[in-house]
Amino acid sequence: MSLTDILSPSDIAAALRDCQAPDSFSPKKFFQISGMSKKSSSQLKDIFRILDNDQSGFIEEDELKYFLQRFEYGARVLTASETKTFLAAADHDGDGKIGAEGINLFIHR
């Protein structure tokens, strides 16, 4: 399964275009433009599994900086500031990583 099985390639492209400049990434806006905010909990879990590069069940800070590259090879890396802000917003229990439920809650709130 790939992200384009769940999300529209044109929506992914639009979301990536919106945050091309360093420090312009907004998780909430990215989720809206890419169509993730309209997906069911089950679909978001599928997306999470694709984004969880090491398949640990969590997305840690070192994986999170490559978040955009999981949507398109060659996309930019998130800046340190963007990565920390994203992690802080989606890490509901403060353990330094994001689980599938945490990302689901973050997207749908």
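A Cβ is built for glycine as well, from the same backbone N, Cα and C atoms used for every other residue.
A TrEMBL annotation is a machine prediction, not a hand-curated record.
Fair warning: this is a prediction, and the values are worked out from it, not measured in the lab.
For 39-74, the entry in TrEMBL reads domain 'EF-hand'. What TrEMBL records for ASP52, ASP54, SER56, PHE58, GLU63 is Ca(2+) 1 binding site. Among the features that TrEMBL reports, Ca(2+) 2 binding site is placed at ASP91, ASP93, ASP95, LYS97.
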How many whole Å apart are the CA atoms of ASP52 (Ca(2+) 1 binding site) and ASP95 (Ca(2+) 2 binding site)?
16
Could you tell me what the rest of the chain brings near the domain 'EF-hand' (39-74), counting residues at least six beyond its ends with Cβ under 8 Å?
1-3, 6-7, 12-13, 15-16, 19, 25, 80, 83-84, 86-87, 96-100, 103-104, 107-108
Provide, as an integer number of angstrom, the distance between the C-alpha atoms of ASP91 (Ca(2+) 2 binding site) and ASP54 (Ca(2+) 1 binding site).
18
Counts by DSSP class (helix H/G/I, strand E/B, coil) across the domain 'EF-hand' (39-74):
19 helix, 3 strand, 14 coil
Out of SER56, PHE58, GLU63, the binding-site residues in the record, which is closest to ASP95 (Ca(2+) 2 binding site) when you go by Cα distance?
PHE58
Determine the Cβ neighbour count for ASP93 (Ca(2+) 2 binding site): the number of other Cβ atoms within 10 Å of its Cβ.
10
Any further residue of that chain within 8 Å (Cβ to the Cβ centroid of ASP91, ASP93, ASP95, LYS97) of the recorded Ca(2+) 2 site:
PHE58, HIS92, GLY94, GLY96, ILE98, GLY99, GLY102
Pop the Cα-Cα gap between SER56 (Ca(2+) 1 binding site) and ASP93 (Ca(2+) 2 binding site) into the table, whole Å please.
17
Integer Å distance between the CA atoms belonging to LYS97 (Ca(2+) 2 binding site) and PHE58 (Ca(2+) 1 binding site):
6
Can you grab the distance from LYS97 (Ca(2+) 2 binding site) over to SER56 (Ca(2+) 1 binding site)? Cα atoms, rounded to a whole Å.
11
